[in-house]
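Engineer: The structure that follows is given in the form of structure tokens.
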Amino acid sequence: MSTLFIADIHLGGEHPEISRRFVEFLERQAPGCEALYILGDLFEVWIGDDAVQAEHRAALQALRRLTDQGVPVRIMHGNRDFLLGHGFEALSGCQLIDDPQVIDLYGTRTLVMHGDSLCSDDVDYQQLRRQLRDPAWQRQFLAASEARRLAIAKQYRDASRSRTREKTEAIMDVNPAAVVEAMRAYGVTQLIHGHTHRPAVHELEIDGRPARRIVLGDWYSQDSSLRCDASGCRLSNFAKD
């Protein structure tokens, strides 16, 4: 038995082929696993459970088929789909979990996160993150019409792309001190996260103890996944495997 982790699938938007590959992954790789964790940004944009876009239907139906088979799918909010709610859970059969979350991964206490909160050097982004996660802002956004919400989401996405082009890679990556602080605070020696789109396994030391940070890649081109079992964890590229 094994547990799967993915993140940053970014369904919808300018890459409709991702949905086909994601459905194929759910049908070929996920059945029979102990659980599937989706660590944020399943969707490129999610404007509310009451406004499900047609381009997301196939993925939602595939998730429902998987959960109906008895495979738990646990998902946390990312920076693109932070408005996922109980309506999404009812449609997909998935379970929303907190970010961050500590799990027991085959005897190893493991912290799972989306990862954007670790990018503390990107001050502008952290300010925007606080705004978008504010309950008052979310209520106001959800009260708008579907067309208005889509327009606002596009404005934010375009602005984000523009800002990203002006920032260095280092600023947009995780802050090493923030990583150590989070792992120390939760008493873990293993961290799994996404967001940065830079799949890798980083070995480090915290308070004299060996530790590990595993970063998941995105699905724009990498179709990245992590499979863990009692023998360890392995990153892979679904499209190439």
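Backbone N, Cα and C atoms are what each Cβ position is placed from, and that goes for glycine too.
What TrEMBL records for this protein is below:
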- 1-199: domain 'Calcineurin-like phosphoesterase' (DOMAIN)
- ASP8, HIS10, ASP41, HIS197: Mn(2+) 1 binding site (BINDING)
- ASP41, ASN79, HIS114, HIS195: Mn(2+) 2 binding site (BINDING)
- ASN79, ARG80, ASP122, SER160, THR164, LYS167, HIS195: substrate binding site (BINDING)
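If you look at the structure here, what lies around each of the features I listed?
Structural biologist: Its Cβ placed at the centre, ASP41 (Mn(2+) 1 binding site) has 29 other Cβ atoms within 10 Å. Reduced to three states, the DSSP call for ASP41 (Mn(2+) 1 binding site) is coil.
Within its own chain, HIS114 (Mn(2+) 2 binding site) has ALA7, LEU39, GLY40, ASP41, MET76, HIS77, GLY78, ASN79, ASP99, HIS193, GLY194, HIS195 as residues 6 or more apart in sequence whose C-beta sits under 8 angstroms from its own.
Look at ASN79 (Mn(2+) 2 binding site): DSSP puts it in coil.
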Engineer: Cα distance, THR164 (substrate binding site) to HIS197 (Mn(2+) 1 binding site), nearest Å?
Structural biologist: 13
Engineer: What is the Cβ neighbour count of ASN79 (Mn(2+) 2 binding site) at a 10 Å cut-off, with all protein chains included?
Structural biologist: 21
Engineer: Using the Cβ center of ASP41, ASN79, HIS114, HIS195 as the Mn(2+) 2 site position, which other residues in that chain lie within 8 Å, going by their Cβ?
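Structural biologist: The surrounding set, listed in chain order, is ALA7, ASP8, LEU39, GLY40, HIS77, GLY78, ARG80, GLY115, ASP116, GLY194.
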Engineer: Provide, as an integer number of angstrom, the distance between the C-alpha atoms of SER160 (substrate binding site) and HIS10 (Mn(2+) 1 binding site).
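Structural biologist: Roughly 15 Å, rounded to the nearest whole number.
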Engineer: Using HIS10 (Mn(2+) 1 binding site) as the reference point, find which of the binding-site residues ARG80, ASP122, THR164 has the shortest Cα-to-Cα distance to it.
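Structural biologist: Result for HIS10 (Mn(2+) 1 binding site): the nearest of the binding-site residues is ARG80.
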